[in-house]
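Working notes, beginning with the structure itself.
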C-alpha cells in the first residue's frame, strides 16, 4: 500500500492511526527497492503493477529495460528462494557467479544478442569457463554446465528454474525435457501478454507496445532504450491456455505468482493431472474491442466471404464500462450515435482538480475511436433489443402464469423448485451465441477469461495425426484453425506464387569430366624466388617467403579448383573459377581468366599453365618477361614457425597498403596464399579461417590474438551437382568481411540432356537434391553511374556474389520468391548455418551466398522505415548482390516505394531484377539523368559569344558552330580537390576529353587520351562520347556547344573552385553560365594533407583525406617547388610561376604561393582562388604573404603555430556539443494559462516581493579603499547623470548598477580586484584527494585538431577571424593585454534593488592569442573531466536538461543543500591557482605552458577603457577556462568542507552548486581551508532549492524559475529599435517552451520556494504568454543616477 501520508503523522490518538502506522512500517520494512532511474510514467506503471507491494525508489543505475528488470528481479528472488539446489535453464551470464546453489546450467550456443551478453559476462569464477566455451564453441570443461540446451541435456536434477528462457518451447516439449532430467518441479518465469490471443495487429497499452504479426510478437515497454521481447505466438498461446500436460509425461502447471502479465509457473510432474482452471488477467486495465472491418476496410466478421482476420483495439476498461453504463441507461428517445460520440469525447479528456484525477482520459487513434463507437452502438442496440424482448415476453409469461388455476402453481412449487438445478433469477437463452455473430458482442474482456486446457505429450503420435487431419479438414471448410500443430515450414502452395520471379525447377544435365589434379602438394617459398623478383617485391618479403613452406590441398570439381593452404598456424582458402574478381590495391580491376580444359590462368600481365606430371604438379609462370617453371611434389610439409608466418603476413600487408596509397594504377593485392601457393600470384575468393572464431581478417597481420599451433580447419561440404559454385560453410569473420567470388554463369543446356536420377558421387544431404539450369532471358533496362543495373527477368540468372531472398520474419520456407529459393537451395533455410544477422536479415553461405531479407507486411501496416531497413540490412557484405523488389508479392508493398528504397540502399555494382509488371512500371517511370534546358535567349547569347571567339586566332576552330535551343542530358561527377575524378575515367569509356588549360591537356595525353582544349575540340566532339574536365571553369558558350554536340557527356569538376572568367568583360559569360547540379559527390581526397582539409572544411564539410602528411603549411620559408601567383603581373615578376587559374586541376609535390598587393580585390571577391591555391600540393606548401591578404580570408599562421607549439596533435575526439531537443507537448498544461495583463502581473510581483518605484535608475556607492595593487585614473570623471530606457515596468527587481559611469567602473575595479588577497600556503594533496570523489585521477590528455576546430568555430560564430591571434611574443603588449568591462547584466534579488551599497560586477577578456593558446587544452581537459564524472554528478551545461530533471525527480526523499559564494572571484588566491596548475600537470600540459598560466594569473593589469589596475591573484571572469576552473574549485571546496549522507545528485556550475542528500555536516578539515583562503560561504538546507535559473524540487524535477525570469526582464532596456523587442519575444517563447508540460507544477513549486501566492506565478505565466504573442507594452523613462561617491584619494606607492 502507499502509506507515505501516515509516516510523519504527529501524535497517534486513535486505533486507526496506530494500525496505519504499523501498516506503513511493515510495508517499508518489506518494500521492494527500485534502483534504476525512472520517468514519472514508468514509476506509475511500476506502482500499479507491483501492488500491493510497497516500493522504495533509490535511483543509482541506468537500465535499458527498467520495468521488466525490476519485475524480473522480484520473480527471480521468489523462484530461487523456493528451488534450493537446482538446475537452471538459460541463465543470464552475469548471474552465474552470484548463485552457487545451481548445480548445473543448460545453455545453447550463442547467436545474435546472446553473443553480446556473453561478452559482458564476468571473466572470473564459474562464469569464465562458461563464457570461454560459449564464445569459442568449445565443449564444456566440467559438469556444471552444458551447451546442449534443456532438450538435449540429461543431467539429473529434481528441481529446476527457468527465468524467461522457455518462450521458444511448448509445454509438451518442456514435459519431455523434464522427464529426461528426472525433474519433478520446475519454476518458470514467463512473459505472457494477453494480446497474443488476438489476431495480428499493433496493440498499445499503458505499459507496453505489442506488435503481433501472426507468428512472432515483439513487446517493448515504456521507456526502453533497446529492443524488447520477441517470442513465438503459438508457444505463448500454449502457455496461457495450458494447465496440464497429458500422455506419457504428465504435468500440472500452476500459476503461483503474477506481476502484470509476468507469471511464475510451477510445473509439477503428477501421474494424474486434475483440472486446474484459472483466470490469468483479473486486474487487466484494457478491454479489446473488435472492429467490424479489418485492414483496408474489408469486412472481417464473415469467414465465408473473406478470410481476413478481425482487427482489435486496446481500450481502457474504465472507458468501455462508462460508455456501456451511459448508453444502456439512456432514455429510448435520447439514445443515438451522436450522443454516444459526444459522451466518448468527454470522457476521453483527462481532467485534474488539484491533486485529484477526476477523469483519467484516453489518447486514442482515429481507427480505435471509430471501432469503439461502432462496437458500443451495436452492442447497446443488441442489449436494448434483448431488454425489449425480455420485457415483452416476460409480461406475456406473467399473464399466462397468473391465469393458471391453483393446481399448476402448487405442482411447480413442490417439484420444480426442489430440483438441484434451480437457480433463482436464472434467465432463458433467447439466442444461441456464435462467436462470429454480431449478437455475440464486439469486445474481449481479459478480466473474465478462464483457461483449463490440456496439451498432449509429443510422443502421442496417434493423437497428433488425428488432430492434424481434423485441422486440415477445418481449413478445407474455410474455417480458422487454432491448432498448435502448424507446420514448421509455413504455408506453401499455389496461393503463394504471386511473384513473377517464381520459376520451375529443372534438372541440370551432366557435364563432361575434366582432368583432375586433386591432391596435396608441398610448396616451398624458395621455388618461387624468381617470380617474387619479377613481381618487384621488397627484399624483406622475398627473404621471409624463402624461409616458409606451405601445404596446399587441391580439390577440382566441375571446372573449378578449390585450394586449402596450410601455412604455419594459419589456414587459407581460395576458389578458382572463370571470371572471378581479384582484389586489387588500386583503381584498376582484375578478373581471372581460367580455362580448366586448357589448364591456363591469366589476369592482367600475369599468366600461368599447369599440368600433372610424375614428379608432382608442374606450373609455368609468365610475368614481366619472366618464364619460370616449378614442380611441386605431392605430400605434406613440416609446419613453419608461427612467428615467422605472422611476420611475413605483417610485412606483406604493409607492402600492399603502401602500394595502395601511392600507386596511381595499382596492382594485385597479394595475399599470403597467393605468393606461397601453387597458382601464384592469384588468390581469388581469399578466405582466412582462424582458429579463433572471433578473430577476423583485420587481425591476420597482427599479433593481437594468441597463436595456436594446432589449427583445426572446419569441415568443407562435399560438392554436389549444382550450378552455383560451393562456398566454405563457415565465414571468415563475424562481419563477413570476405571477398567471395561471383558464381559461375550457367551454361546453356544441350539439346538433349539425359536426366539425372541421382546425384553425382560425393554429393551429400547438404547439397540441393534438385538443381537447375536456365538459359538467360534477362533484359537490361537501366545502368546507374555507380555500375548498378536494373534488369527485367529472373533473379536466378544473375552472376552476382549474393542473391537476396524476400523472406519472412522467421526465415522459413514460404510462398512466392521464397518458395522458389526453397526449391533451389533448401539448405539455405537452416538457421544453424546462418553466419551473421543484421537486424531482421540473415546471411548464409550454404550452399551459396544468400541474404534472407525481411520486408514489412503492408497488409497489416504501412511501414516505410522498416522497408528502408530491409534493404539497408543487406549491405553488410563484400561483393555484389542481386535483388528482387522486396515485399511487392505476398506482402503487397507498392512497387514505387520498394524501388525507391532499393535506390537509396544498395551498393555499387548491385543488380535489381523486375518481373514484367514491375518492368512496365519502371519503363513508364524510368529515372533520367539531369537535364540542362537551353532557351532561345541563352542560345542567342552563346552564339554571339562563339562569333566573337571565332574572330580570334585561338577560336578559329569554332567558326560556323552554333548552339540551338533544346534539352541536354548530362552526368556531372563533382568532388573535393584531389578526389580522383579524372583517374576514374578509363579509355574504354570516352572518345574525346575537353580540358580548359594546356597543363591539363598534356596530363591527359600522357595517359593515352585524346585531349583537346575547348576551342579545337569543336572539330571532334560531334557524336562522340565526351568527358569535360574542370567543366565549371570552361567558357559557358563552349561548354554548351560541346554538351549539345556530344553523344554522351560526362562533366568533371568542383563547383567551389574558380568558375569561367569573363576576360573580355563583355558581360556574356555570367549571362549564360549554366546551373549544373552534380549527380554524385566524392568526399575523399588523395592529395590534400590534413591541415589543408581543416582549412577548407567550411567549403567542403564532409571532406576526408588518405594523405599521411599532417602539416604542410609553412609561412616565411624560402620558395620551393612550383610557384603560384594570382595575377598576370605577378606572373611576369616571378619567372617560372603560373597563375592559380592556370594551375586548376594540376597536382604538384611542393608549391609556393606568392600573394601580391594587386591581388587583394581578387582574393576578397573570389575565395575560390585561395581554395585552388591551397589544394595543389601533396607534401609542402610555403606561403609568402607580405601584404597579409590570406589572413584577411581566415588563413592565419599564428593559430596553427601556437596550436602545435602548445603540444597539439592531428586527430579526432568526441565533440563537446551536447544534443538537446525541445520537449514534446505530451501533457501541455501550458495551454490552460491564457494571456494576462502585463501591468497587473508586474504590479502583483512588486507587491509580493516588497519592491516599490524609485525616482533614480541606480546609486553610485562610495568607492572602497584600494588595499593592494596600483590604480591608474583618468583625467576627468565626468559622465552622463541620467539613463534613458524602454522598460516593461517602472519597478525593477534586480540589484541595479550604472555600467556606463566612470566612477562605477572605478568602484568595481577597486571593490572587486583591489581588495587584499588572503594567501594560503599549504599542500594541495588533501584537497585533491577530496576532489577525487567527483573528479578521479585524470591522466594524460590528448589535445587534437578537434578542439582547435571547435575554438575556431566559436570565434567565427562571434564574427571574429584569425587576425587578432598573434605570434607568441611576450614582449608584445597586444599578446598579453587583459581588457576589463563593466557588466550591464544585473542580478535578480528579492532584497533591496537600489540602495544596496554594493559595487558592480566586472568581466575581463584575455587576448585572442592567449585564448587560442590555452583554449584547446582547457576544452580537452573539460572533456576528460566529463568522461570521469560519477553517476548523479552534473557539470556546467554539459548535459541535457531532461536528464538532470529526471535525476532530481528520482531523488524523492532528499533535501536540497545550496551554497552561495560571496565574492567568489575575489577570494581566489595562490592556493586555488596552485590546484588548477596541479590538475594541468596531471593532464600532461607542458610545463612551460603551466608556468606561463601561473605567471599571467599571479600578476596582471586590467585595462579598462580609461582606467587600469595592476593587481595580483584573484580570478577574472572572462579568461579562457573560467567555467572549467571555477567549477573545479567549487567542487573542491564543497567536497572538502562538507560530508553528505544519502548522496543522490550534485550539480556544479561556476560558483553555483546544489547537492541532494538527506543531511550534511561540516568536515573536520573545513575550518582550516575556509579560514586560510578567506572563503565566504552561505549555506542553505531546505526541501526546495534554486540552481542556475531553475527550481530544484526532489521528486518532481528541475522546473523553470518563472519569478526570476520575469524579474530579470524588468531591468533590461528593450529599445529603442524593434530588434530588441523581437529578441524579447524570442527569449520569452524559448522560456515558455520549457513550461509546456510542467506549467501547473511550476505554479505550486515556484510559489512555495519564493513564499509568494500561486496566483502570482499564474499571472506571470499569462503575462509571458502575452509577450510571446507580440503584445508587450514598453514605457520610455528618464531616470537620474544618484552619486554618493566622495573624492577618490590617490595613493602613491
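Cβ atoms here come from the backbone N, Cα and C positions, even for glycine.
Residues or ranges marked as domain 'Alphavirus-like MT' by Swiss-Prot on the basis of sequence analysis: 56-240.
Each residue in the region 'Putative protease' (442-509) has a pLDDT score, and their mean in this model is 52. Summarising the annotation, Swiss-Prot assigns region 'Putative protease' to 442-509.
In the three-state DSSP classification, residue 673 (Zn(2+) binding site) falls within a helix. Around the Cβ of residue 673 (Zn(2+) binding site), the same chain contributes 550, 552, 563, 565, 567, 572, 574, 683, 686, each under 8 angstroms and 6 or more positions distant in sequence. Residues or ranges marked as Zn(2+) binding site in Swiss-Prot: 671, 673, 686.
Per Swiss-Prot, region 'Disordered' is recorded for 737-769.
Residues or ranges marked as compositional bias 'Pro residues' in Swiss-Prot: 740-753.
Taken from Swiss-Prot, the feature domain 'Macro' applies to 775-921.
Taken through DSSP, the domain '(+)RNA virus helicase ATP-binding' (934-1082) splits into 52 helix, 28 strand, 69 coil. The annotation domain '(+)RNA virus helicase ATP-binding' is assigned in Swiss-Prot to 934-1082.
Taken from Swiss-Prot, the feature region 'NTPase/helicase' covers 960-1204, and the record attributes it to similarity to another entry.
For residue 981 (ATP binding site), the same-chain residues 6+ apart in sequence whose C-beta sits under 8 angstroms from its C-beta are 973, 974, 975, 1029, 1052, 1053, 1082. The ATP binding site annotation in Swiss-Prot covers 975, 976, 977, 978, 979, 980, 981, 982.
Under the heading domain '(+)RNA virus helicase C-terminal', Swiss-Prot lists 1083-1216.
Residues or ranges marked as region 'RNA-directed RNA polymerase' by Swiss-Prot: 1207-1693.
Here Swiss-Prot flags 1454-1565 as domain 'RdRp catalytic'. Note on the domain 'RdRp catalytic' (1454-1565): DSSP counts are 41 helix, 36 strand, 35 coil.
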Give the three-state DSSP assignment (helix, strand or coil) for residue 686 (Zn(2+) binding site).
coil
May I ask which residues of the same chain, at least 6 positions away in sequence, place their Cβ under 8 angstroms from the Cβ of residue 979 (ATP binding site)?
1082, 1083, 1084, 1085, 1086
Number of helical, extended and coil residues in the domain 'Macro' (775-921), per DSSP:
43 helix, 36 strand, 68 coil
Measuring Cα to Cα, how far is residue 671 (Zn(2+) binding site) from residue 980 (ATP binding site) in Å?
26
Test of understanding: give the count of other CB atoms lying within 10 angstroms of the CB of residue 975 (ATP binding site).
22
Give me the non-local Cβ neighbours of residue 977 (ATP binding site): same chain, 6+ apart in sequence, Cβ-Cβ under 8 Å, ordered along the sequence.
1054, 1057, 1085, 1087, 1088, 1096, 1171, 1172, 1175, 1176
Quick check: which same-chain residues outside 975, 976, 977, 978, 979, 980, 981, 982 lie with their CB within 8 A of the centre of the ATP site CB atoms?
1054, 1082, 1085, 1086, 1087
Residue 686 (Zn(2+) binding site) has how many other Cβ neighbours within 10 Å of its own Cβ?
24
For residue 982 (ATP binding site), write down the residues of its own chain that are at least 6 apart in sequence and whose Cβ falls under 8 Å from its Cβ; none is a fine answer.
1003, 1004, 1029, 1052, 1145
CB contacts for residue 671 (Zn(2+) binding site) [other CB atoms within 10 A, all chains]:
26
Least buried by Cβ count (within 10 Å) of the binding-site residues 978, 980:
980
Using the centroid of the Cβ atoms of 671, 673, 686 as reference, list every other same-chain residue with Cβ within 8 Å of it (recorded Zn(2+) site), in sequence order.
565, 572, 574, 672, 674, 677, 683, 687, 688
What is the total of other Cβ atoms whose distance to the Cβ of residue 976 (ATP binding site) is within 10 Å?
26
